[in-house]
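Written below as structure tokens is the structure these notes are about.
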């Protein structure tokens, strides 16, 4: 196809470029291909030690990728174990927290007078630093179980939950109440019941907001899980391993866990994006 | 009388006060329970009056400083670093979003990596940033900036993308130049989203700043927090910091709300 | 209005239910401790205690490189080497979730025993197992720098040691004054605890692992260092295969250099320092654990040997002292031999130049009524 165009006229070239750009297939593919290209360049720069020169650092502080890879391969089991524990905490916290947050937003949208204040208070919770919350919940959950691994998992989960709940609550409330100006009037003209307004208007309207909340809280849940692991009673998790290894000056190993944390994040985000494309398609 | 009561009930601040009171009541009830069941209740849940008393007591906890003096001096350092990081992150975030909007190619290329930056644990980055900047305090500001950069960038970008096609068409009809489109349509449209980003980023910058205080134990709320947690000084210092940082978080989001209404007149609807 | 009242009532009801549940938990905890107290008390050896604690899974340590002595002790009695993470407070020990808790003689043990601010006030009702007695002692606080720095600034290194030793000597003889000095230099702990710390640290600096008096401050005892490295080799397992192999092959000569110590000992106090402004990063927050440096600074010992400025950088953060020295952010550091060895194994280029603490400060503290 390209050949033909070149044969015809040089002036067509630009149009071809434009045509490619507007081609929906390319549009779709480019969202995958372009980041991939950037990724490959990045890997090249990293492995070729250009990054090191750029950042005035050495292969000790920023280990080469093959080194990180080989450590990850050598310690598969340990890595998976820690990944599982971090995932468990962040996922449970995310799910429970988001559901709680949405319920709070629902309550608040039913009783806006009391709800708004409540949400403001909950928003305040989110601004308490994790470093302050984690040890407090550690102490509060001491009586839950005699099993240290269990109770420390609970305390980490609570911290993640609070962060996610606040995020979801604030966003979902916005989604439930921030309706298009004419929408409510229209529903009123149709003489719709409150129930109907809720299911046909408020709920669908809140879905995009739910996703924009998740876009923040999915990475946040992983980060919070990692930070609260620093303070946890039971030694486990990707975050804890990162810290142990950094303190022991084992940067290569620490980077193996950092890479793991990133992979968890990418994985979670990819799932979120897929879910979003499914849900948002249905509603719009 | 009834009218008056209802009036108070309708006030906006009333519900917030109500919830705060409810929380305080629950706190106090739990504190009484804890006080009766635990050997050292102040480690788990002290009474609120104990915390307030600790705030106003002149007893020296660290060097020549009383508890609230120690908290406030450390907070000064931490908040300054957090503030610098926040401003830096906010500006870079906005510029980044703008660049990504202007160049589709760049946008698509970089967007997934934006999220990745957010996910790299700070601790891993810290030694590298330290070796780049060579100064621990600069590193702290940079890390706070990195953490507050992501919400600003993503939200602003979302704002740019939210502009309806009709508006573009309209500007096209007016034969508006590119920079005019940005100036008149895109940037105003993205403003509310930019501020949402800032609102999310502000407490994160504070959190980040407290977190990176502990990179080296030379001052700041984070250091004070870990010191008091280790029972090296009065445990009430810890509670003071918890309350103080929560307070700061709330105040900051309020301030950003105020700035938001000040720079976006269309928000000032009664 | 009525509806609202109902809602408020509902909320209060749930709140009180939650509180009720809280009380329930607390009470069940109380019962378990009281049954433990009623058990018969017998004479126990440290072996019995360690075995019981290990069986219950209630041995505590902070991890992060502090755990090897505990691992060695557990292995000595053929016990599984699992432990709980202690969170730098003794709360877990206090509420019996950890019954055999790690404590440094100069810090946590004081908090457990004494009843000043932050203390738990157990007085002498608690007992402890000393790592030195068990033969698993590892050496702690030393002074180190990078090999390159030592090579380029030999006079600076010797002068720094000379002045620091002088500071330590004074501090060991006058712990109370040393505590006061530390307190003035931005201390992280209360005054009373600072004094307790100074007393205990003085013991560590002037007594060796066998309990004998040491006269030369900073001496690098061959046997004790060897024992430390051997235990480390046995229990440190690095995930990085290359580093692990290198670690196993380390000898004492790779990680320590006695020449600067000897030079400082032989010196008359006159040095020709190459670098007049130096810094030292501590292993922990500023307190009497590092009183020697604060005393040397306060008394002007560093100035006497030719330094213009010595900056004491607080540690205890996530930028470990090994990292800071390795990337030249600071010149000297205080760390433990094991940390230094594992840092060297993974590619750093550090060398120990003096050993300040002559015996292990780690003990495992327990309440006799739990056994």
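Glycine is no exception: its Cβ is also placed from the backbone N, Cα and C atoms.
Not measured: the values here are computed from a predicted model.
Listed ranges A:61-82, A:149-170; the one TrEMBL annotates as transmembrane segment is A:149-170. Listed as Cβ neighbours of the transmembrane segment (A:254-275) (distance under 8 Å, sequence separation of 6 or more from its ends, same chain) are residues 62-63, 68, 71-72, 75, 79, 82-83, 86-87, 90, 211, 214-215, 218-219, 222, 226, 238-239, 241-242, 245-246.
Of the Cβ pairs linking the transmembrane segment (A:206-227) with the transmembrane segment (A:89-111) and spaced 6 or more residues apart, 3 or more are under 8 Å, so the two regions touch. Outside the transmembrane segment (A:29-46), and at least 6 residues removed from its termini, the chain residues within Cβ reach (under 8 Å) are 54, 62, 64-65.
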